[in-house]
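Student: A single structure is presented below for examination.
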Amino acid sequence: MIEVLLVTICLAVFPYQGSSIILESGNVNDYEVVYPRKVTTLPKGALQQNYEDAMQYEFKVNGEPVVLHLEKNKELFSEDYSETHYSPDGREITTYPSVEDHCYYHGRIQNEADSTASISACNGLKGHFKLQGETYLIEPLKLPDSEAHAVFKYENVVKEDEAPKMCGVTETNWKSDEPIKKASQLVVTAEQQRFPRRYVKLAIVADRRMYMKHQKNLKPWVFQMVNSVHQIYRSMNVLIALVYLNIWKKNDKITVQSASDVTLDLFAEWRETVLLRRKKHDCAHLLTAIDFDGPTIGRAHIASMCNSKLSVGIVQNYTEINLVNAIVMAHELGHNLGISHDGNQCNCHTCIMSAVISNPPSERFSNCSEDYHQSFLTAYNPQCILNAPSKTDIITPPVCGNELLEEGEECDCGSPENCQYQCCDAASCKLHSWVKCESGECCDQCRFTSAGTECRAARSECDIAESCTGQSADCPTDDFHRNGQPCLSNHGYCYNGNCPVMHYQCIALFGSNAIVGQDECFDFNMKGEQYFYCRKEYEKYIPCAQEDVKCGRLFCFYTNNMDICRYNYSDIGIVDHGTKCADGKVCNSNRHCVDVTTVY
């Protein structure tokens with residue numbers, strides 16, 4: 001057996017610290033210069049790879065020696081990964097590049113219990129690592145014939161825009177009428193209690209603005225983002241694998257606009273009608289360099305994973321720091337996976353699912369995030385993310401009866417004496433001839449469930465219960481009542497299966513004691529200035545007309561606070577698209593309060 005390869009790279013730190021420099025990550029105030037020297041010892045007869053499976057770096061940070069261990073992330077790409085771009089004349093070109101010998105790594109600092117690292121070794125060393133609770137970035141210095149790199153703290157990168165940034169999701173969580181339950185309180189199956197690993201095949205679409213911004217560096221930028229997202233979700237036992245990349249080089253396939261809710265809806269429609277037919281995947285995210293209205297830098301549909309209509313997210317490339325953009329993507333993926341924003345009851349107020357991006361950004365999930373995700377798995381049972389790795393990944397010779405599903409086997413339940421799986425013929429490791437299905441919401445004892453059996457209950461009055469067809473193991477696509485139908489005793493109107501009302505949006509931001517501000521608070525939206533406006537066009541804040549004030553800034557306050565128009569940085573959201581703004585009227589995508597009978 002070939003011994004595990006160990007590569008040692010020594011970084012000598014010059015006795016020099018720069019005061020200020022412009023790097024790819026931005027303007028850095030304080031940094032150290034290091035020079036990597038690679039020392040490789042290959043086992044006799046071993047095949048030289050472009051990028052080794054394991055590497056070790058030794059260098060100094062603040063004069064103290066550290067050892068950085070790295071391992072190639074072999075789960076970064078799905079086995080059927082493909083890319084689509086477009087020729088100058090608009091022809092679609094899809095390729096299936098080899099991605100096995102890639103250059104993206106995860107790692108840790110030796111003797112640091114909570115350390116992490118996400119590094120690209122494609123052209124020098126670029127990425128981040130955590131040391132003694134602080135986040136450090138490393139990237140090559142672009143000097144001729146030099147191996148010089150810069151190492152610097154995240155806090156030493158000058159932020160061009162210090163205003164708080166936030167997720168655009170302000171609707172209440174997907175089970176707003178029930179308090180969050182701990183995972184231990186849920187009625188779950190034995191399989192779910194074991195926290196089985198989930199597998200998300202992620203499709204990424206980059207719009208023309210992203211291509212114009214990054215050009216030839218766009219693909220490595222995306223790969224490093226997903227590499228960091230993959231690492232973040234390890235703690236949740238969720239594998240994020242890139243299955244597809246589509247670059248809109250010449251023209252955008254939708255009208256990407258600054259209204260994030262409109263862009264999200266347009267992308268969801270394109271994904272359902274075009275992308276799903278082109279490439280099988282579980283969730284799709286759009287990366288754009290457009291500046292969304294207000295402080296919004298991302299948006300996604302909550303509890304939408306595996307939903308053909310809604311399993312999407314959008315992420316604004318608002319900073320040159322790759323890690324921060326990856327954290328925004330991880331946040332929006334969290335919404336897809338049923339995770340709502342962290343509230344006051346959570347043990348962490350600066351974690352990934354905080355509505356406002358923390359500074360420095362966190363790579364941790366709170367206890368609430370874990371509970372929300374487990375609640376989602378139990379309530380929805382999303383089948384698409386329970387797919388185990390391909391059987392071809394197992395390279396040992398198959399042995400029927402060893403309880404391992406191997407190549408050439410349809411099932412393996414152990415010996416005939418011990419087999420407890422009625423669908424499987426233990427002697428042949430094949431399914432019985434009468435078996436119609438093995439799993440699924442509409443599969444019962446290896447046969448399709450009778451037609452008409454409810455397989456997905458209505459989650460709200462705007463949702464529709466689905467029933468089995470008797471011809472498939474899968475529950476039909478999640479559908480909902482028509483947009484504009486009255487809901488919550490006429491306090492709102494249905495929109496994409498939800499009933500968006502201001503009260504629940506306030507609860508999502510502030511907790512159960514929050515209520516909607518007084519009517520006079522919303523008159524501030526006629527000012528047309530930062531935080532008080534209806535929409536933003538070309539960096540200009542457009543004031544609301546009197547009749548549209550409840551489609552601009554959302555005002556909330558606590559019931560025990562006499563300042564009824566109080567607002568702060570954690571409440572900088574715009575009223576949601578589809579929210580009732582007057583009797584018979586809702587907010588449209590242009591932030592006008594319009595007749596509900598004409599908007600949908």
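Note that the numbers count up from 1, one per residue, in the order the chain is shown.
From the backbone N, Cα and C atoms, a Cβ is placed for every residue, glycine too.
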Student: Per Swiss-Prot, what member of H341, H349 joins H331, H335 in binding Zn(2+) at one site?
Tutor: H341
Student: Pick from C400, C446, C455: which one does Swiss-Prot say forms the disulfide with C429?
Tutor: C400
Student: Identify the disulfide partner of C368 as annotated in Swiss-Prot; candidates are C346, C348, C351, C411.
Tutor: C346
Student: Choose one of C455, C551, C556, C565: the cysteine that Swiss-Prot connects to C506 by a disulfide bond.
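Tutor: If we follow Swiss-Prot, the cysteine bonded to C506 turns out to be C556.
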Student: What does Swiss-Prot give as the disulfide partner of C487, choosing from C475, C499?
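Tutor: Looking through C475, C499, the record in Swiss-Prot gives C499 as the partner of C487.
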Student: Have a look at Swiss-Prot and say which candidate in C442, C443, C446, C455 forms the disulphide with C423.
Tutor: C446
Student: Across the domain 'Disintegrin' (397-483), what are the DSSP residue counts per state (helix, strand, coil)?
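Tutor: Its residues fall into 0 helix, 15 strand, 72 coil.
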Student: Are there any residues in the same chain, six or more apart in sequence, whose C-beta is under 8 angstroms from the C-beta of C475 (disulfide bond), and if so which?
Tutor: G440, E441, C442, C455, R456, E466, C468
Student: If we count other C-beta atoms within 10 Å, could you say which of the recorded positions N317, N402 has the fewest?
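Tutor: Among the recorded positions N317, N402, the sparsest Cβ neighbourhood within 10 Å belongs to N402.
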Student: Can you tell me whether DSSP puts C494 (disulfide bond) in helix, strand or coil?
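Tutor: Going by the DSSP assignment, C494 (disulfide bond) belongs to neither helix nor strand, so it counts as coil.
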Student: Reduced to three states, what secondary structure does DSSP give C587 (disulfide bond)?
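Tutor: The residue in question, C587 (disulfide bond), is strand (DSSP, three-state).
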Student: Could you measure between D412 (Ca(2+) binding site) and C446 (disulfide bond) for me? Cα positions, answer in whole angstrom.
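Tutor: Pair distance, Cα basis, whole Å: 15 Å.
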Student: What's the number of neighbouring CB atoms sitting within 10 A of the CB on C455 (disulfide bond)?
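Tutor: Excluding its own Cβ, the number within 10 Å is 19.
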Student: For H341 (Zn(2+) binding site), what is the secondary structure by DSSP, using just helix, strand and coil?
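Tutor: Looking at the DSSP assignment, H341 (Zn(2+) binding site) belongs to neither helix nor strand, so coil.
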